[in-house]
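Novice: According to TrEMBL, the record shows the following:
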- 72-92: transmembrane segment (TRANSMEM)
- 98-116: transmembrane segment (TRANSMEM)
- 128-147: transmembrane segment (TRANSMEM)
- 153-172: transmembrane segment (TRANSMEM)
- 203-222: transmembrane segment (TRANSMEM)
- 229-247: transmembrane segment (TRANSMEM)
Amino acid sequence: MDLKILYLCFFGFLAQFVDSIAGGGGLISIPALFAFGVPPHFALGTNKFGAMFGTVSSSIGFIRSKNIHKELLLYMVPCTILGAVLGVNTVLMIDQRILNAIVLVLLLVVCGYTILKKDIGSEDNFTGMSKKNILIGGAIALILGFYDGFFGPGAGSFLIFSFISFLGFNFLQSCGNAKILNACSGVTSFIVFALHGKVIYSIGIPLAISMILGALVGTRLAISSGAKLIKPIFILISISFIIKLSFNL
């Protein structure tokens, strides 16, 4: 096998391992595709193809461990699919630097709040299937589904933070719920990219295999370790993404 493919598979494994625990895997896999010489839109499409398999594998693990809220997700999934379709179809219409600046500010707030609030995500404070929670969940799914389709990296981290801060779930449940929505928006985004011919399957297939393996290992570790592992990795990924975006402005 070509050494470049092995290099890409290593970073694909690492990306999905991290993503299964705290989100942000695209921070690793997309730059790796760029380094491989893949043009931007093909990199986004090919990454969606590989990550789709990894995220679905991770979702299955969280479903089996019963660390998801099925009733709420039934309302959120259609919203995240709609958001993803809108996001992919508008990816060429907005200056990426503007999006980078917005995401940077949001990540600074998210990361700072997570560090300062020591007990965040340590307990399950979800108050049930009220109209308020359904509306909040739908809004979160639509907005972050759009972001995931449009750009991607950091979407899982934002979802985890939103489930904790706006709906009251703990870190492990938030991670499980986020994976389900990530899987739905990922599959949707891939289909749209594929219809536009923006996926390189000769790279995407080995990348997908490595991402499945990374997802399986990462999900098992997240489920067994819970918040004590997820929170510090979540903070580390957020800080890394902040640094990357700062250099891109």
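Every residue gets a Cβ built from N, Cα and C, even glycine.
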Novice: Are there residues at least 6 beyond the ends of the transmembrane segment (203-222) whose Cβ is under 8 Å from a Cβ of it, and what are they?
Specialist: 1, 5, 8-10, 12-21, 29, 33, 36, 38, 46-47, 49-55, 57-58, 61-62, 172, 175, 179, 229-230
Novice: Give residue numbers and ranges for long-range contacts of the transmembrane segment (72-92): same chain, 6 or more residues beyond its ends, CB-CB under 8 A.
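Specialist: Counting only partners 6 or more residues beyond its ends, the transmembrane segment (72-92) has Cβ contacts under 8 Å with 41, 44, 129, 133-134, 137-151, 167, 177, 180-181, 184-186, 188-189, 192-193.
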